[in-house]
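Participant: The structure is given below, and queries will be raised subsequently.
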Amino acid sequence: MSFVIAIDGPAASGKGTLARRLAAHYGLPHLDTGLLYRATACALIEEGLPLDDVEAAVEAARGLSLTDFDETRLRSREMGEGASLVGAMPPVRAALIDLQRGFAARPEGAVLDGRDIGTVICPDATVKIFVTASAETRAQRRALELAARGEEVDFSAILEDVRKRDARDSERSAAPLKAAADAVTLDTSELDREQAFAAALAIAERGRRAG
Ligand SMILES: Nc1ncnc2c1ncn2[C@@H]1O[C@H](COP(=O)(O)OP(=O)(O)OP(=O)(O)O)[C@@H](O)[C@H]1O
Ligand SMILES: Nc1ccn([C@@H]2O[C@H](COP(=O)(O)O)[C@@H](O)[C@H]2O)c(=O)n1
């Protein structure tokens, strides 16, 4: 039986870090689904189109291929904000479902992280983890990450971004950010990367044995 791990949570909670490590641990492919929304926003920005152009966003989403992401460009603050705007459009989400489910259906299994993996994309995932951390902790982590990439960092602006994105992602009608009823919540506020990974691995192992 294939082994699918669904990891969801708010911005900068550490879900991508955990997803990558779990994927490496189990030898599974990993998909950071946030990149799909970031790449959709990026396509609009590069064509000089407004981020509320639903038709253009759907066309951009349909044209995405998993192999051509420029991660350095996509991980900027601007793309995170744009992703959250296009991610609130139901037709954009619909356009990205098959790509994500196709990835999750690989025979060996897969690890996917995002906002709606456990609730919408892979409701039958073997393991579901909802990763959280306080907004201040997440903003601090994101500030360190952006500073390391050479971006200018203003902690209060990043904290405001995180809060705005949490609100938009949780309050939208289409596939809002929320824990699946059968997800295990992992609060990483007080955990370093190693401790968070050990906790996530314990959850994954319990799910694997049960599943
Ligand atoms: N437990 C931790 N302690 C300290 N820093 C962490 C921890 N987990 C992740 N980080 C760092 O926090 C930043 C955000 O982590 P990551 O990219 O994994 O979050 P994310 O939830 O995938 O974010 P997003 O979905 O917004 O892209 C990264 O720089 C990462 O190295
Ligand atoms: N499954 C997902 C993944 C992401 N989004 C939206 O994209 C934004 C950026 O995501 P990151 O994980 O790269 O920070 C995010 O704020 C969401 O609005 C989504 O809707 N569904």
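Residue positions begin at 1 at the first shown residue.
For all residues, glycine too, the Cβ spot is worked out from N, Cα and C.
What TrEMBL lists as domain 'Cytidylate kinase' is 5-203. Residues or ranges marked as ATP binding site by TrEMBL: Gly9, Pro10, Ala11, Ala12, Ser13, Gly14, Lys15, Gly16, Thr17.
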Participant: Go through Ser13, Thr17, our binding-site residues, and report the one whose Cβ sees the most other Cβ atoms within 10 Å.
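Facilitator: The most densely surrounded of these binding-site residues is Ser13.
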Participant: Would you mind sorting out which binding-site residues among Gly9, Ser13, Thr17 put a C-beta under 6 angstroms from ligand 2?
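Facilitator: Once distances to ligand 2 are taken from each Cβ, none falls under 6 Å.
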Participant: What three-state class does DSSP give Gly9 (ATP binding site)?
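Facilitator: The three-state answer is coil.
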Participant: Which are the residues of the chain, Gly9, Pro10, Ala11, Ala12, Ser13, Gly14, Lys15, Gly16, Thr17 excluded, whose CB is within 8 A of where the CB atoms of the ATP site average out, their centroid?
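Facilitator: Residues close to the ATP site, other than Gly9, Pro10, Ala11, Ala12, Ser13, Gly14, Lys15, Gly16, Thr17: Asp113, Val131, Ala133, Arg138.
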